[in-house]
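Enquirer: One structure, pasted below without further comment.
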Amino acid sequence: MILGGTMSKRCKLEDPSGFILFPLVVHSFDLVISSIGVLSIRGTRNASVKSPMEDPMAILQKGYSITIVLAVLTFGASTRWMLYTEQAPSAWFNFALCGLVGIMTAYAFVWITKYYTDYKYEPVRSLALASSTGHGTNIIAGVSLGLESTALPVLVISVAIVSAFWLGQTSGLVDESGNPIGGLFGTAVATMGMLSTAGYVLTMDMFGPIADNAGGIVEMSQQPESVREITDLLDAVGNTTKATTKGFAIGSAALASFLLFSAYMDEVSTFSQEALTQEVFVGGLLGSMLIFLFSAWACSAVGRTAQEVVNEVRRQFIERPGIMEYKEKPDYGRCVAIVASASLREMIKPGALAIISPMVVGQPLLGAKVVAAMLMFATVSGILMALFLNTAGGAWDNAKKYIETGVLGGKGSECHKAAVTGDTLALHCSVGDPFKDTAGPSLHVLIKMLATITLVMAPIFL
C-alpha cells in the first residue's frame, strides 16, 4: 500500500486510490476463493464398500488447484479494475503478469517441498533406505537432504524477483524525468500474487497438527490397528502439508524482505550519500551469525523443555504405576503447563536478539550501511537455513512413517530402530521436530522483523 501510494505520487496519477487499496482487494478475494477451495474438498470413496483408501494429499492438492485457478482469474480482474490508468493503459496487464509470477512461485514452492518431504518420492525413500545401515547414516542422509533442498527454492525466488521487477519497470509508469519506477511495485504485486491463496495454504497447515493429535488419541485410547493405519497415513500427509506451507511462508518472506530492504536503502540514500565502507563486511558477518545463533537458541529451548517434560513423566510413572496399564489417569495438565510456560519463557532471549541487534549495530559506531549489510546477509542466510531445517525435519519424520508402512522390515526392525533412534524418543522428536516446527518457521519471522525494525529505525542510524 505504501509503495503504491508513493509510486502514484511520483507518477502524478489523478486517482491513486486503486494502487493503495489493491492489496486489500486481493486479500478479500483470497478469503472467497480459499473458502471455495476448502468446500471443494470431497472424498469419492464409498464407506459402505470395502475399497482402497484414497490418497489424502491428492484430495488436498485438487482443492489447491481449484484455488489457484480462481486466484489467477480474480487477480487478473483485480488488476484491471484497480490498476488501470490512462497514463499507462497497458500497465495493469504487466502487473497482472507480476501476480501470475507470484502465484506460480507459490505453486512451485508447494511442489518442491512436497517432493522433498513426501515418502512417495525418491528423497524420503533414500533417507529411509539409509536407516538400514545404522543411526549415523540416517542423520547424515537427513542433513544432506536438507542442504540439497535449498537449491531449487532459491532459484525460484531469484527468477520471481527478477521477472516481477522487470515487468514492473516495463509497465509504462514513469516519473517526471521519464524514468521507469514501477519495478518495486511489480515485486510487491508478485508478493500479493503469492499470498492470494494464503487462506487455503493456512488450512493445509492446520490439517497437520489435527491429524497428528488424532493419531495420538487413537494410540492412547488403544484403538484397533486398522484405525491406527488410517491415522498414520493422515499423519504422514500432515507432515507434508506442514512442510509445504512453511516453504510457502519462507518464499513470501523472501519477497517481502526484498521489498523492505529496497525501501530501507531508498530511505538511507535520501538522508546520506556515503559510500560503502570496510565495516560493511562486519555487518554481513553479524547478519549471518544472527541466523545461526537464533536457530541454536530455538533448538536448545526445545531440548530444555523436553527434559522438563521427560522428568515430569518419569515422576508420574513412579508415583502412579497404574498409568502404563491404563488403570490410572496421568496428570496431562502438568505437562501442558510446562510446555505452555516454556514456549513463552524460552522465546524471550531469541526475540530480544532480533530486536536489539539492529539497534546496536546501527549506532553511529557502525552506521546505516553496516545495518544494510547485516540485513541483506541475515535475509539470505535465513532463507537458506529455514529451507534446510524445514525440509530435513519433514523428511526425517516421513522416512520413519514410510518404514512403518511395512517396507525395509517395518516396525520393530533394525532399520526402524535407526529411524527412531532410541527406545523412548523418536528421532523426529529429538532432531526433526525442533528443525521443522521451531527453528525453521521462526526464521522467516526473524528476517521480516529485522527488515521492519531497520526500516523504522533508519533515521536514527544516520
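Cβ atoms here come from the backbone N, Cα and C positions, even for glycine.
TrEMBL: automatically predicted annotations, no manual curation.
For reference, TrEMBL lists these features for the protein:
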TRANSMEM  20-42  transmembrane segment
TRANSMEM  63-84  transmembrane segment
TRANSMEM  90-112  transmembrane segment
TRANSMEM  150-169  transmembrane segment
TRANSMEM  181-202  transmembrane segment
TRANSMEM  247-265  transmembrane segment
TRANSMEM  285-306  transmembrane segment
TRANSMEM  366-389  transmembrane segment
TRANSMEM  443-461  transmembrane segment
Enquirer: Which sequence positions outside the transmembrane segment (150-169), separated from its termini by at least 6 residues, show Cβ-Cβ distances below 8 Å to it?
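Expert: For the transmembrane segment (150-169), the list is 94-95, 97-98, 101-102, 104-105, 108-109, 112-113, 180, 182-187, 189-190, 247, 250-251, 254-255, 258, 383-384, 387-388, 391.
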Enquirer: Should anything in the same chain at least six residues away from the transmembrane segment (20-42) have a Cβ under 8 Å from its Cβ atoms, list it; otherwise answer none.
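Expert: Distant contacts of the transmembrane segment (20-42): 1, 4-5, 8, 59-60, 62-64, 66-67, 70-71, 74-75, 78-79, 81-83, 99, 189, 192-193, 195-200, 203.
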Enquirer: Below 8 angstroms Cβ to Cβ, which residues of this chain, lying six or more residues outside the transmembrane segment (63-84), approach it?
Expert: 18-19, 21-22, 25-26, 29-30, 32-34, 36-38, 40-41, 91-93, 95-96, 99-100, 103, 107, 110, 189, 192-193, 196-197, 200-201, 204
